[in-house]
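Novice: Quick one: this structure, given as structure tokens, is what I'll be asking you about.
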């Protein structure tokens, strides 16, 4: 297949290759949809969400000369990559992305010398993720201060595309930070020791080596530490709206409805984007060297154990550390904000991190494949780790309930906390959904939604909102996304994650 031809490959009526299985909410994408599939695709979607998948397919089939590829074709394309095992997996928030769809999980056998690593399987915002902080406050404590809290958070947390961070950082400090992750934050006084214990990988990637991060990437990152960014990134003040699993919620410090939490969704900013861009350029060159031919040039990749593959892992690990520092820095700012308004210390307010999780990452993990334990490189792009109770990677506090999974909703809608399951380990490489997933493009949202209508809806829901860029009001409106409750329910019914509790926003801060 000629590299660069994005609309070739899918054969006939795509829907003929999608088959419902006997498992709840699980479809097969059969081999043959595109040439040279090594494994089939697995897609988790319920009846209410499947029409969005069908809409993407119909748009593609009406205009095959377009550069647009629907998520189903992208899932099939990923299955052609060298070294992939079991299946290319689509989760219910899946939608078209760069090379890999967003909401895709793909794992590659590290014992296979041809197995690859691909920046498209991680995404440009490396270690984009979510952090949830609890408090001992309840809605009654904040309802008269809701607008004041929203404004002070907006003032304290730098937002927007060109925002600059509050953490002054020189080149030496940045290099140290990129290698140490949250350990650097603890050392510098921006995080508590216990914060990192309830963080995926303890907030530090040991792949990281800042020597493999370009000067340009460092230049973009040095001013952005502790910044929210724009797009779908946010900081929200939320209240617990529903508790489904009281035992697990209690382990997370959540015991009653209306308890106040803070959710932060952000990533590695310009540094991560530049690392991804640099890697894609290098990998496009290296594919000729390693005789790799991809069905779509956006799937640029290289063998995991090659020099280029190892260089990307080290740079990607550095971006992961930057993102954990970024969310930790904003946690520091959120704690300061609450301390000022309530005239109590963050410790007195019980502002502890419940968990921090990534949904754009590639990681070496052990998984059972065809009855054998194998070391795999698991790519999760727009998908979240979902490890079960008693897994060694799950923090001590959560050994009995499984790993907390933080699912951010859309502006003005619910967010969820889930827990990991054994079924996820068996079927999805210990993975589940990450959020709502876009239903409308940003351009379509701007053209079809009304700014004032969206604001009025937020007002009716008694949600305070602060946003740096007005166009984001339409782009990030709930109508632009899939129904997050349907996404979460699909995964719960399929058994790949369990619902624990639901959160409702009362204040939203966006770039």
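Glycine too: its Cβ is placed from the backbone N, Cα and C atoms.
Found this in Swiss-Prot, in case it helps:
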- 125, 128, 233: Mn(2+) 1 binding site (BINDING)
- 128, 265, 359: Mn(2+) 2 binding site (BINDING)
- 232-236, 359-360, 408-411, 415, 434-437, 510: GMP binding site (BINDING)
- 434: active site, GMP-histidine intermediate (ACT_SITE)
Novice: Using a Cβ cut-off under 8 Å and a sequence separation of 6 or more, which residues in the same chain sit near residue 359 (Mn(2+) 2 binding site)?
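Specialist: Residue 359 (Mn(2+) 2 binding site) has long-range Cβ partners 128, 129, 130, 380, 381, 382, 383, 384, 434, 435.
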Novice: Looking at the binding-site residues 265, 360, 437, which ones sit with their CA no more than 10 Å from the CA of residue 233 (Mn(2+) 1 binding site)?
Specialist: 265
Novice: Taking only C-alpha atoms and a 10 A limit, tell me which of 232, 235, 265, 410, 437 are near residue 125 (Mn(2+) 1 binding site). These are the binding-site residues.
Specialist: none
Novice: What number of additional C-beta atoms lies within 10 angstroms of the C-beta atom of residue 434 (GMP binding site)?
Specialist: 28
Novice: Taking each of the binding-site residues 360, 410 in turn and counting other Cβ atoms within 10 Å of its Cβ, which one has the fewest?
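Specialist: Taking 360, 410 as the binding-site residues, the minimal 10 Å Cβ count falls on 410.
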Novice: Provide, as an integer number of angstrom, the distance between the C-alpha atoms of residue 232 (GMP binding site) and residue 265 (Mn(2+) 2 binding site).
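Specialist: Cα to Cα, residue 232 (GMP binding site) and residue 265 (Mn(2+) 2 binding site) are separated by 8 Å.
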Novice: Measuring Cα to Cα, how many angstrom lie between residue 235 (GMP binding site) and residue 265 (Mn(2+) 2 binding site)?
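Specialist: Roughly 6 Å, rounded to the nearest whole number.
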Novice: State the three-class DSSP label for residue 232 (GMP binding site), counting H, G and I as helix, E and B as strand, and everything else as coil.
Specialist: coil
Novice: Tally every other Cβ atom lying within 10 Å of the Cβ atom of residue 265 (Mn(2+) 2 binding site).
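Specialist: Around residue 265 (Mn(2+) 2 binding site), other Cβ atoms within 10 Å: 26.
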Novice: Pick the one among the binding-site residues 128, 235 whose Cβ has the fewest other Cβ atoms within 10 Å in this structure.
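Specialist: Least crowded of the binding-site residues 128, 235, by Cβ count within 10 Å, is 128.
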Novice: Can you give me the Cα-Cα distance between residue 265 (Mn(2+) 2 binding site) and residue 410 (GMP binding site) in Å, rounded to a whole number?
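Specialist: If we compare the Cα positions of residue 265 (Mn(2+) 2 binding site) and residue 410 (GMP binding site), the gap is 11 Å.
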Novice: Which are the residues of the chain, 128, 265, 359 excluded, whose CB is within 8 A of where the CB atoms of the Mn(2+) 2 site average out, their centroid?
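Specialist: Checked against the 8 Å cutoff, the neighbours are 125, 127, 129, 130, 233, 266, 267, 358, 360, 408, 434, 435.
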Novice: Mind giving me a neighbour count for residue 125 (Mn(2+) 1 binding site)? Other Cβ atoms within 10 Å of its Cβ, every protein chain shown.
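Specialist: Cβ-Cβ neighbours of residue 125 (Mn(2+) 1 binding site) within 10 Å number 23.
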Novice: I want to check the contact list for residue 437 (GMP binding site): same chain, sequence separation of six or more, C-beta distance under 8 angstroms. What comes out?
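Specialist: Same-chain residues close to residue 437 (GMP binding site) (Cβ under 8 Å, separated by 6 or more) are 92, 93, 94, 95, 102, 103, 382, 481, 482, 487.
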